[in-house]
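Undergrad: Below you will find the structure I want to go over with you.
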Amino acid sequence: MWQPLSNFPRACDWSPAEGRSQSARWEGPQSRPARAPAGIQVGGWRGAASGQAGRAGTRSAAGQPRSGESMRGDHAARRRALQPLPPLLLLLLLLSRAGALHPDELFPYGQSRGDQLLQEGDDESSAPVKLASPLRFYEAQFSYLYVGTNGIISTQDFPRETQYVDDDFPTDFPAIAPFLADIDTSRGRGQVLYREDTSLAVLGLAARYVRAGFPRTAARFTPTHAFLATWEQVAAYEEASSRVPPSEELNTFQAVLASDESDTYALFLYPANGLQFFGTRPKESYNVQLELPARVGFCRGEVDDSKREGPYFSLTSTEQTVKNLYQQSNLGVPGVWAFHIGSTSPLDNIRPATVGGDLTKAHPSPSLEQSFGPTAAPASAYTEDDLDYYDENEGEVEYPPESATLDPQTKEGRALGGVDSPGLNGRVKASRQPGTRGPAPSEIEGDSLDPTRGAPPPYADGGAPPSEEGAPSAHPEGKAVLLNYPVPAHTPPLGRGRQVLGVEDVIGSSTEVFTYNAANKETCEHHHGQCSQHAFCTDYATGFCCHCQSRFYGNGKHCLPEGAPHRVNGKVSGHLRVGHTPVHFTNVDLHAYIVGNDGRAYTAISHIPQPAAQALLPLTPIGGLFGWLFALQKPGWENGFSFTGATFTHEMEVTFYPGEERVRITQTAEGLDPENYLSIKTNIQGQVPYIPANFTVHVAPYKETYHYSDSAVTSTSSRDYSLTLGTINQTRSYRVYQNITYEACRHSPRHPAVPTTQQLNVDRVFALYTDEERVLRFAVTNQVGPVEGDSDPISVNPCYDGSHTCDMRAQCHPGAGVDYTCECASGYQGDGRGCVDVNECAAGSHHCGPNSVCINLLGSYRCECRSGYEFADDQHTCVSITPPPNPCEDGSHSCAPAGQARCIHHGGSTFSCACLPGYTGTGHQCADVDECSENRCHPSATCYNTPGSFSCQCHPGYRGDGFQCTPDPSSGLTPCEERQRQAQAQHAAYPGSLPHVPQCDERGGFLPLQCHGTTGFCWCVDPDGRQVPGTRTPPGSTPLRCGLPEPTQRPRTVCERWRENLLEHYGGTPRDDQYSDFCWCVDKDGREVQGTRSQPGTTPACIPTVAPPTFRPVPRPDVTPPSVGTFLLYAQGQQIGHLPLNGTRLQKDMAKTLLSLHGSIVVGIDYDCRERMVYWTDVAGRTISRASLVPGAEPETVVNSGLISPEGLAIDHFRRTMYWTDSGLDKIERARLDGSERKALFHTDLVNPRAIAVDPIRGNLYWTDWNREAPKIETSSLEGENRRILVNKDIGLPNGLTFDPFSKLLCWADAGTKKLECTLPDGTGRRVIQNHLNYPFSIVSYADHFYHTDWRRDGVISVNRDSGQFTDEYLPEQRSHLYGITAVYPYCPTGRK
């Protein structure tokens, strides 16, 4: 008796030998959902599913050149080009196309056409483009447009890309997105061009597209302006790697906005082979391999009420829907999409064209009987007014796949528009030529819609043009449901990169007659790399085909070993109605295991929510697909994988009885992964009957008949199932229509031994779901053979019915009668009853060539080239990667001399020039910068300019490095006299400045009344020369009586009198050698408490709660010279960078990488000045580590547990303690610097804690929480006591935080308000330093400057603390986000209390 669970792997516990992990969980920062599952899922021509779209003809009418005479005419004749054609004629003309849009058929573009070129880079945006005539978007009118690198157009400048590229629609700003993804044009990888156009040729073509797409509402649309944006050969963003070459997948697409005074229409164009990647990885995905499909659609942006999302329209949600962009259309031309996006009339949301397809209502879904098959629905089925749209008051529209109608009587698909068209069984691959442009306007205008060009296709009765990749064809009996596109009857001239077919005028019904230009025939010599490594290539008269080698089976492009077990991994998504209950699920895991030598197939799907999981129990065809693919074969019969290989589309429509609920299941196979696992995606949509909990489902053995044609397989069957619970037994049934389309090689003759009809016998059917495991399981045993009726069983060889005892990794060979032998499958060894894997790499039986590495797999192996090598055309031999010529190294560049400029190589022969620091110019010509004219030295210093540099020298009587000069104490001058000399020196050095020259009395003290010699303002000062608040008076006012104590002035305390006596004793300013490092506690009268005196660097606990540490006086911060050797450290993903300072200037030419930490994402960073150690947090490794700055030191991990997303980090060098924030745990913790004595300070009232700063002098801790609902900055003692909110007004996203021990200012950089602000430690004295930041992440203060990392610029920006001006920036050559930043002093700063 067969035990159904004995060898049935579960989706939640697959072992490494049996399958893969259940799912990958992304645990990056909080964000909006990555992608919504809904979208317009359009069916259509499957011929380009592999990413290599083709055409059935070599030139459409739009590409036919015009004669010279037709290009001439008066103005009236040109105006006639914009006159409307009858809508029916427009529709027929557009539907008569051969197939996908050719790159030559894009709207003309290029700099010669007047296009502007967007600056290359990863996240660039154009300057605002002023439109000659405003256009309407939704209900609003706009006069400016911006074009972005990332496949998007907007009416306002873009935010930082990570604020919108990786999030789902809607965006919070207006967006027109033909292909929104993380695109990067750096290093010459593509270009983005844009312009406004008013030429009649462009306007005429736009008008014809719009009128064809909207025949009722835009029949007379005549645009006056068009805006064109073209993304040509652009690449997806990739992290730079010296070991992995850049991807060769490049995309080309175009957006055209056509408008008149009242309406705006958008056209999105995707040429054949123009989309080679369909999504990009988010930069914030850390080490998770996550790819998000591109978004296509429109967003209005935020409405007046900021808590309410504006309307939006989304066209894509999955990779397949992105592929549909160039395979299908909503106006009849594959690759062209039209939308009504703005109007003076009420327009609730975007309206797509509906002539070429069926964009059905979202609520309710149409009958699945009218939406089966990969073809487009008749245009008459729906009109524009039949559509529902999403707005801010509704849910997102979910469109089922666009499809052909299936006649319930004949089960035959009707062609588009109700026109019967012969099957198009093949197509010509259109070669893509980089850098090609669209045809001239005159070419488009005259012939693009010529009504004489439409004609039936030239290939009938299964004939095909010569091509390895074939499009689906109609089954001879009408069983297959396939899309048929008519092609033009004429043979146009050769286009750029085209193949030429010569087709006979008359083609008989029983023969395939055509000629082929042999010069363009694809042969094994150049294309054998398309075959599996276990296949051989054979040339035929019209092309080549791949065939699996002995002991392997498949379609030649994909071959698997006979007798070996096979595995399937995939994802399942669904939008179901169970009874009357809607259920949605996205990307749940599917795993299948197939024992090839007896036809058993086990399928497990995890985490489908109830009640859907229980209701799906009868749908054994979900797992039955794998049974058909790998069924046990009777002699002379072949299973499904032998035909389809690993790329195909399986579509099912299931109708349940008696309720007639209908559900549609689409399973898309996407090839074999490196371990030969089949990858498949499953989508389930529709309604299924409700099955109560605890009922079990039983399906009896059944038989299915499959009909085969060159590239399609169909089947129709019915089956009963029973529902049982105790004594309850109910019988129900359903009917299944199946359609499998794949790409067959048509150059070799069809195998005569394979019948067009085969029967699949399915036995041991099993279905189970348990709430405890949340796993839905199916099991079937399958055998494929001839069609036979129900008869008594006859004795068969065990190899044919699966009753043999061969190992599951062995092939059964039948003998006489019931005798058989077992032979281990290729890649395994043993006696056939037991087989183990052969390690070809260890045994030396592999075929990996020199300079390659062999990697063993179960039953196989693979070869990988070593670093510096790549596969040759044969995909086996590794050849050296020849570096392209580098103009920067061979001296062929045109940059200025090496001492003035540097040459930057961008790959190939491209380079750019940049002047070195100290020079300015284009890079080709550089001139010395006169830094002395920029007032870079201290006012009490002299500046000396030198080529490329400068130097500063303090005036006599001052000391310092020239950037900071302080009076020399040995001069004997009082503070007033020192300031007087300083102001006079500043005026002498900079005559235009008007500094205040203090007035001193006869003893050198400050006069109580100070007046500005130039402005005439007067004010009172205290004995230290500080202005008394509220005493400033304008010129001509009555002089103030300064120096007299206020009547309410309190008497000085004992502490104040004591301090004055000490200062007087030491002459007003103590010297460094007059300080003491000892600390002690005092009573209320200032007397020392015995036994409390501590050693230097240790603070006694004077108060049981918070004891502010004592301090020693230091010189004023504005006269403290920056120390020589100060530098910045910044975190940049997998490395820590080193940026020296020259005074406060960034020494960009001296920047370097300090530490490379592969696999890490370094976020927080700080420095221990005592032991010269740098500390950092790693959100990828979930650790805190440190490393000494001593050469040769190795990193050391100090905290490696209990962390999820450690971000901010602060070091207290006094107490030898570190503090950090964890935004995953919402905690703030502390520990000793070696990781010991760890303690959680706060774990409540935190949402998104990020930055943290410590004031060791006063014993305070500060941190930010960028909770979007209630952002705040908080403070507490270092022990976690006296927690309180410091700032919670007028802040948005406080990312960076720093405490300056010299100025006693707490400052933060806010990515929400775009401000840099400071406040005193108690929250008073708040002021704005700079209010035009981009997107700051972290900040640190040094001297009179702030330095912050910026995510918009991907660099380090410096800001002057006093003026608030941006003074410099450093952009690393490797462009990626910078995180934390800190300053490294050659000493430990003490600050002042």
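Start at 1 and count along the chain as shown; that gives each residue its number.
Using the three backbone atoms N, Cα and C, a Cβ is placed for every residue, glycine included.
Got these off TrEMBL a minute ago, pasting:
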{"type": "COMPBIAS", "residues": "47-64", "note": "compositional bias 'Low complexity'"}
{"type": "COMPBIAS", "residues": "1106-1115", "note": "compositional bias 'Pro residues'"}
{"type": "DISULFID", "residues": "C1011-C1018", "note": "disulfide bond"}
{"type": "DOMAIN", "residues": "178-344", "note": "domain 'NIDO'"}
{"type": "DOMAIN", "residues": "564-794", "note": "domain 'Nidogen G2 beta-barrel'"}
{"type": "DOMAIN", "residues": "795-836", "note": "domain 'EGF-like'"}
{"type": "DOMAIN", "residues": "837-875", "note": "domain 'EGF-like'"}
{"type": "DOMAIN", "residues": "884-927", "note": "domain 'EGF-like'"}
{"type": "DOMAIN", "residues": "928-964", "note": "domain 'EGF-like'"}
{"type": "DOMAIN", "residues": "973-1042", "note": "domain 'Thyroglobulin type-1'"}
{"type": "DOMAIN", "residues": "1052-1102", "note": "domain 'Thyroglobulin type-1'"}
{"type": "REGION", "residues": "1-77", "note": "region 'Disordered'"}
{"type": "REGION", "residues": "352-379", "note": "region 'Disordered'"}
{"type": "REGION", "residues": "394-476", "note": "region 'Disordered'"}
{"type": "REGION", "residues": "1090-1115", "note": "region 'Disordered'"}
{"type": "REPEAT", "residues": "1172-1215", "note": "repeat 'LDL-receptor class B'"}
{"type": "REPEAT", "residues": "1216-1258", "note": "repeat 'LDL-receptor class B'"}
{"type": "REPEAT", "residues": "1259-1303", "note": "repeat 'LDL-receptor class B'"}
Undergrad: Might you confirm whether the domain 'EGF-like' (795-836) is in contact with the domain 'EGF-like' (884-927), defined here as three or more C-beta pairs under 8 A between residues 6 or more apart in sequence?
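TA: The domain 'EGF-like' (795-836) and the domain 'EGF-like' (884-927): touching, no.
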Undergrad: Please compute the mean pLDDT of the model over the repeat 'LDL-receptor class B' (1216-1258).
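TA: For the repeat 'LDL-receptor class B' (1216-1258), the model's average pLDDT rounds to 93.
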Undergrad: Look at each of the disulfide-bonded residues, C1011, C1018, and point out the one with the fewest other Cβ atoms around it within 10 Å.
TA: C1011
Undergrad: Can you tell me which parts of the same chain pack against the repeat 'LDL-receptor class B' (1216-1258), counting only residues 6+ beyond its ends and a CB-CB cutoff under 8 A?
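TA: Long-range Cβ neighbours of the repeat 'LDL-receptor class B' (1216-1258): 27, 29-30, 1108-1109, 1111, 1164, 1166, 1168, 1170-1171, 1173, 1175, 1177, 1184, 1186, 1198-1199, 1202-1210, 1264-1270, 1276, 1278-1280, 1283, 1294-1299, 1301, 1306, 1308, 1321, 1338, 1390-1393.
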Undergrad: Can you count helix, strand and coil residues in the domain 'EGF-like' (928-964) using DSSP?
TA: 4 helix, 16 strand, 17 coil
Undergrad: Cβ under 8 Å to the repeat 'LDL-receptor class B' (1172-1215), counting only same-chain residues 6 or more beyond its ends: which ones?
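TA: Same-chain residues near the repeat 'LDL-receptor class B' (1172-1215) but 6 or more away: 27, 29, 286-287, 1097, 1099, 1109, 1129, 1131, 1136, 1154-1155, 1157, 1159-1166, 1221-1225, 1231, 1233-1235, 1238, 1249-1254, 1256-1257, 1261, 1263-1264, 1278, 1297, 1380, 1382, 1384, 1388.
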Undergrad: How do the residues of the repeat 'LDL-receptor class B' (1172-1215) split into helix, strand and coil according to DSSP?
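TA: Going through the repeat 'LDL-receptor class B' (1172-1215) residue by residue, I get 0 helix, 23 strand, 21 coil.
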Undergrad: Can you break down the domain 'EGF-like' (795-836) into helix, strand and coil residue counts using DSSP?
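TA: DSSP composition of the domain 'EGF-like' (795-836): 4 helix, 15 strand, 23 coil.
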